[in-house]
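Participant: Just dropping this structure here.
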């Protein structure tokens, strides 16, 4: 019995020890994060700060808007819509038949430079109501095929312009197939005006996306002809018109670079454009425009940013003003405990 | 159903061949993948994601690379699966450890050392001191000559005290050597999970003594996972092994609980899904119409003239895929992640560590923290929850004399001490009952002092008190008890123990005085289960009064009684008792019936009064939580008066004149009905009064009320903020929870004992107090805390923050997905409604997974108000309770915001990047960066407290966005090669970004400021108060506003028809609307004054006991 009692007394002690150590390890460690007590900055919306913020925003935005607007105003832009005018009057009843016909498509346009235009002057063609962003269209290309010769059979995505009688088309797909093919020849005051067509595509595209040793194959040889043809002897990386065209536009109205004029144009200069009106936009009432434009640091002529900045800045200024007036007319003490309904004497009026 | 176990006979037990391999794992190596996937795909959201992912495999309709959905989907599934696998692996490891533990068994008479998993049913297993029991055993022998051993059952039921186990009578005196060769058969029930019952019989084969059937009870067993203590060795035959043990059978997978917030998120998801379907149908039709009219003319698109039959479906399905991100795949992951963190914050909280025992809080359920912030009803147990469960004997009444009334401590009462020395019969008998009518085990400590190991706190208190009054219970040696009184030793032989059950509410022992051979029955129990059996001549009036008196002081009372038995009577009864004890079916009930036959004509000795002290901080906690608009119900098994006194002392109810107590009682249906009606009437008329009205109901009346007048009772439950339910059984507790839940209230049940387990499991949130009654409740609970006062922190701090954070996080997740989705929809209008995606696959995938999920995750440490402000103004919890921060109207706000932002981003992008700049990849990236900038500012604006982490994640994420995109832009083969470099070098890009931020955030900021200053919510006011450093103290009047503010717009009757009238968007509840003035309902009926009700209480309960006696 004595041994029994001895062991009995030791056992609970042991278990108590173990339980104590167990609970000690269970005790959570203290740190600012675990206690959710990280030092925090708790801003509140005091009238002063808010009004100041709006004032600051308007003070920044309004000048920015003015600067943007000026930048946009500095840009000289000549836009000439020719799709309608370049169809001879008798053919205008059925423009689609005309464009699909074989008659001479050349057309002459005269543009007058309204203001001095500094070089480089960009020549764009603008298409409207043309859905380069259509899902069927935008997916119909094969980037790997464009990049290297050995992938020329990767044409799965290109349907329905993937192959001709089993031979793969290079470049395949609807985008390439519908290549824009109007051409412009410019002359200034009866002197030929050089339009530099090199370097119009992105450098990265020329060097990495379109292979130097990939040549057009079986292009535009299917039953229906789409847009422009390609020189089978020039590698894709040199076909800059194609490269530009294949950078699909996200909007139904878009401009694509045709070339650059690397000389200044004076005010009053007349520019004669001889164009070949080949591209069919008539079946879907698409407009075609020729655009000559200089650029600013913000890009082409676009008043939107300037106006938007002025508007937002103005609204912010207005808000700052309104909040100031509200603050002066109807000041409200922040954090007044009397606003807490439970602090009121319940049933005071009873 | 029975099973037969043959001891030490491998052949005969073969049919039960079930080895002792424990397996808690959910999966095996082979079924893991299919089973896990099946489980994951049983949820609607996952099915939706899978469907979308499968549709994306159809390249004709997919707008983006399928990887943009498959990637995140596989990632999410991999995360959940590996979490499961990790848990399961750990279970496997712990199983393996248990399975490979070495044990001694006897096989064919030889002692062998084997692994625990090889134990077969029928093997004899040997245990040493402090060994863990490997499977369920029936005890055959112990080192103790009397066949007693002690076990610690903490792992099984959480009770830390030692329990005695004895060998069956048939095995008494078997020699150690013979034990090895023992043969026999056990007839036992099929495995079940009842750890309190084991109704079996044993028969030993010759040459072992006689051939008699020996009945077995739970007292003869050693259950798996218990520890052998204070006993050198023990051996037993294994009856249940492996997963068939009592422990193995009681393992169950708890039903997953869904929070109100999850339900709301599901609802909103559903709404978004419907919206998505509508968008898809509209765009699908529009797309098909556009295709047939416009697209045919667009020769370069080459639409075929003849299309396959499914052509009509292609465009709608494309839009379905395009819009599928409306339901963000990331919301599930983010929510799981933050919920896990909420639970961790609870466990990490040092302010919720019980300093006394060092136990931290524990969140067993990590998924329901938000619900804590939405609790409306708290149902609490009394003993051990509100009180300390440290019983101290304070007063007694012996034979009509009150002791301890003067100084509040009977142990120091001179009259009592002198009565003991003078040897007054009643007093000595009284003390004898106190000392030996129990199941306490005295253990001699090192220093020679005696430590009592008791299962019940009351018994321990009584024995200790008796010892202090010179009636020392010295030792227990098998059936012989030793009592020392004033130096002389008295020995008693225990003949029978008539155990305590919650139905009988009393326990008795039959002992034989070794000096004079008299057989005595000693009983103790609740007054209503003792007094009715008092002997005919005795006046129980003084006893009843004493009970009343003590109960009013909040003391727990026990009546002690005594009866001398005739030898014949005992012997005759003893046979019946033995018979009942060996019944296999309904044993408990049979025993109770037999016990009843002995327990009558009792001589009532007196009443003991035991104090159960309130826990620290209980009144404050209750007050704060009630101010927070939480209603308290107290459910206790205790007496009415005791319950009321405790309720008063812990601010549960207010004393007169502020409070009013309404009693519902009655023995018959009519009585209950009448009293229920009366209480209801009073309740209805006093809802407009700033008065604390509480009702009191006892178990019996409750039974009737719930059974026959459920509608009325439900109405009452809705009307009353406070209720006290006394004398309720565990199942009634659960029933009350269920009633409140059926009224759409969020309930929290808190308790500490085994009797609270059902209520805890039933409630929306179960909180267990890891207290002295064991860990049973804490195990079943979703949260376990050390003390009751931590509840306020659990609810007001953790619950509230969790709710706020999840509300922001979930709505924000929808906002950002809708934002990008709206842009896609707008874009489709300028891309021929053909379903082109403006964004590339990489961006779409990364948008949800990286770009937008990191900043919002840090909202888990956002705090709108400091903890101190919340504690000072607990009323602010109302915003969470009513679901003000996440409901259809707040969601509409976020929806509108995403629409507005989508318009801003889209309009600015397509105009700033028009004409020669309208390149697809560039435009897409501009729009995407616009979204990223906006979302960073939105998170910043919605953040209330900026810590380093917030700054890091919000602005770091913005930097990260550019870094990731620069990386992608450097890969020549990617679609966006050089795009980001080009954009970032253009001034136009940055100008556009500033414009988007300015135009997108300006109005929202202005609106927020306006509401913050001129239409502030209470949260805003407190924020302002807290941060301007102004006085945040409440005005002098901290009067609790009764819940009436909630319902005063509607007449009480309409509440009943529409319990969920508390629409979350219903503004004037807390606010200062002028029509929130109190309406008085005329004269308030006849308020039952507290005193009246008190006197009625006492008279009724004395009538009650008289009733019992007449029975």
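Placement of Cβ uses the backbone N, Cα and C atoms for every residue, glycine included.
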Participant: Based on TrEMBL, name the residue from B:412, B:524, B:578, B:667 that is recorded for the same ATP site as B:381, B:382, B:383, B:459, B:500, B:556, B:636, B:637, B:638, B:727, B:733, B:755, B:756.
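Facilitator: My reading of TrEMBL gives B:524 as the candidate in that site.
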Participant: From the ranges B:850-872, B:988-1010, B:1011-1033, B:1034-1056, grab the one TrEMBL calls transmembrane segment.
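Facilitator: From TrEMBL, the annotated transmembrane segment range turns out to be B:988-1010.
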Participant: Quick one: mean pLDDT on the domain 'P-type ATPase N-terminal' (B:5-70)?
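Facilitator: Averaging the confidence scores along the domain 'P-type ATPase N-terminal' (B:5-70) gives 76.
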Participant: Among the binding-site residues listed here, B:383, B:755, whose Cβ has the fewest other Cβ atoms inside 10 Å?
Facilitator: B:755
Participant: Using a threshold of three or more Cβ pairs below 8 Å, and leaving out pairs closer than 6 in sequence, do the transmembrane segment (B:960-981) and the transmembrane segment (B:894-914) count as in contact?
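Facilitator: Since fewer than 3 Cβ pairs under 8 Å link them, the transmembrane segment (B:894-914) and the transmembrane segment (B:960-981) do not come into contact.
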Participant: Including all protein chains displayed, how many Cβ atoms other than that of residue B:556 (ATP binding site) lie within 10 Å of its Cβ?
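Facilitator: Looking across every protein chain shown, the total is 23.
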Participant: What stretch, picked from B:268-290, B:960-981, B:988-1010, has the most CB pairs under 8 A with the transmembrane segment (B:923-940)?
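Facilitator: Of the candidates B:268-290, B:960-981, B:988-1010, B:988-1010 scores highest.
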Participant: Could you give me three numbers for the domain 'P-type ATPase N-terminal' (B:5-70), the DSSP helix, strand and coil residue counts?
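Facilitator: Secondary-structure composition of the domain 'P-type ATPase N-terminal' (B:5-70): 30 helix, 3 strand, 33 coil.
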Participant: Within the domain 'P-type ATPase A' (B:100-162), count helix residues (DSSP H, G, I), strand residues (E, B) and coil residues, in that order.
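Facilitator: With helix first, then strand, then coil, the domain 'P-type ATPase A' (B:100-162) has 7 helix, 31 strand, 25 coil.
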Participant: Is the transmembrane segment (B:988-1010) packed against any residues at least 6 beyond its ends, judged by a Cβ distance under 8 Å, and which are they?
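Facilitator: Non-local partners: 897, 900-901, 904-905, 908-909, 912-913, 917, 926, 929-930, 933-934, 937-938, 941.
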Participant: Can you grab the distance from residue B:381 (active site, 4-aspartylphosphate intermediate) over to residue B:500 (ATP binding site)? Cα atoms, rounded to a whole Å.
Facilitator: 21
Participant: Return the member of B:500, B:556, B:637, B:727 nearest to residue B:752 (Mg(2+) binding site) in space, with distance defined Cα to Cα and candidates limited to these binding-site residues.
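Facilitator: That would be B:637, the closest of B:500, B:556, B:637, B:727 to residue B:752 (Mg(2+) binding site).
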Participant: Fill in the CA-CA distance, residue B:383 (Mg(2+) binding site) to residue B:727 (ATP binding site), as an integer in Å.
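Facilitator: Residue B:383 (Mg(2+) binding site) and residue B:727 (ATP binding site) have their Cα atoms 12 Å apart.
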Participant: If you skip the near sequence neighbours and keep only those at least six away, which residues in the chain come within under 8 angstroms of residue B:727 (ATP binding site), Cβ to Cβ?
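Facilitator: Listed in sequence order: B:636, B:637, B:638, B:639, B:640, B:698, B:699, B:700.
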Participant: Do me a favour and check the Cα-Cα span between residue B:556 (ATP binding site) and residue B:756 (Mg(2+) binding site); whole Å is fine.
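Facilitator: Cα to Cα, residue B:556 (ATP binding site) and residue B:756 (Mg(2+) binding site) are separated by 19 Å.
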